[in-house]
Amino acid sequence: MLLVVDHPLARVRLAALRDARTDRAAFRAAVRDLTTMLVYEALRDAPVTDVRVTTPVADTTGAALVAPPVLVPVLRAGLGMAEAAHAQVPGALMGFVGVARDEETLQPTPYMESLPADLAGRPVFVLDPMLATGGSMAHTIDLLTARGADDVTAVCVVAAPEGVERLRAAHPDVRVVTATVDERLNEYGYIVPGLGDAGDRQFGAM
Ligand SMILES: O=P(O)(O)OC[C@H]1O[C@H](OP(=O)(O)OP(=O)(O)O)[C@H](O)[C@@H]1O
Ligand SMILES: O=c1cc[nH]c(=O)[nH]1
Ligand SMILES: [Mg+2]
């Protein structure tokens, strides 16, 4: 399933991210703002349970999430989404995956994983701003399904049609929540029009 979050405020943040003149601090701020919106929409239909709440005036009924998602930022670029996502679901567990795309072959090169051992029956939100070829996300989802995950949402900022299609073919049950599906990948595997390298634009070119 694909959900494109095209709220006007999301589109304004996306424009800032796309703009090559946006500096690193402003870019990180727009990633945080947009993540708040993406996670908010990704949780729109999340099951809740009634809880009793006592206001200063009376007892009433409130809501609690039945199952807060496990959050999994994909290093590096997904780290910029972690804090804003966690603020939305403060009780969430957070795991981490490190994967860098080889810019020659476009293959994902994994370098780190720190994940809960058992993810069966628990919603998982993978946080990575860019879904390009889909190789990095497919690798991450393979790690999650190996731990029993069966309810995975990829929370992205910019997706390429190629990456969406790859996920649909390899992991048809995975939900993609994104601010945009752009036109295509270019010959270097960058999303067009995209926003450039999301890791470099937040943290600097390594
Ligand atoms: O869909 P793909 O073709 O795999 O490309 C997307 C990946 O590329 C970027 O990370 P990158 O490899 O640049 O690492 P970084 O976050 O450390 O910059 C991005 O954050 C994704 O993880
Ligand atoms: O356009 C792209 C593609 C992959 N990774 C990025 O950071 N940007
Ligand atoms: Mg990068």
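Note: Cβ is positioned from N, Cα and C throughout, glycine not excepted.
Residues annotated as 5-phospho-alpha-D-ribose 1-diphosphate binding site in TrEMBL: ARG76, ARG101, ASP128, PRO129, MET130, LEU131, ALA132, THR133, GLY134, GLY135, SER136, ASP197. Look at ALA132 (5-phospho-alpha-D-ribose 1-diphosphate binding site): DSSP puts it in coil.
Under the heading uracil binding site, TrEMBL lists ILE191, GLY196, ASP197, ALA198. Secondary structure at ILE191 (uracil binding site), taken from DSSP and collapsed to helix, strand or coil, is strand. Spatially close to ILE191 (uracil binding site) yet at least six residues away along the chain are MET130, ALA132, VAL158, ALA159, ALA160, ASP182, ARG184, LEU185, judged by Cβ distances under 8 angstroms.
The average pLDDT computed for the domain 'Phosphoribosyltransferase' (4-204) is 98. Annotation comment: TrEMBL describes 4-204 as domain 'Phosphoribosyltransferase'.
Across the structure, ASP197 (uracil binding site) and ARG76 (5-phospho-alpha-D-ribose 1-diphosphate binding site) are spaced 11 Å apart at their Cα atoms.
In this structure, ASP197 are the binding-site residues from MET130, ALA132, GLY134, ASP197 whose C-beta falls under 6 Å of some atom of ligand 3. Every protein chain considered, the tally of other Cβ atoms within 10 Å of the Cβ of ARG76 (5-phospho-alpha-D-ribose 1-diphosphate binding site) stands at 19. Using the Cβ center of ILE191, GLY196, ASP197, ALA198 for uracil, the list of other same-chain residues with Cβ within 8 Å runs, in sequence order, ALA77, PRO129, MET130, VAL158, TYR190, GLY194, LEU195, GLY199, ASP200, ARG201.
The two recorded residues, GLY196 (uracil binding site) and GLY134 (5-phospho-alpha-D-ribose 1-diphosphate binding site), have Cα atoms 16 Å apart.
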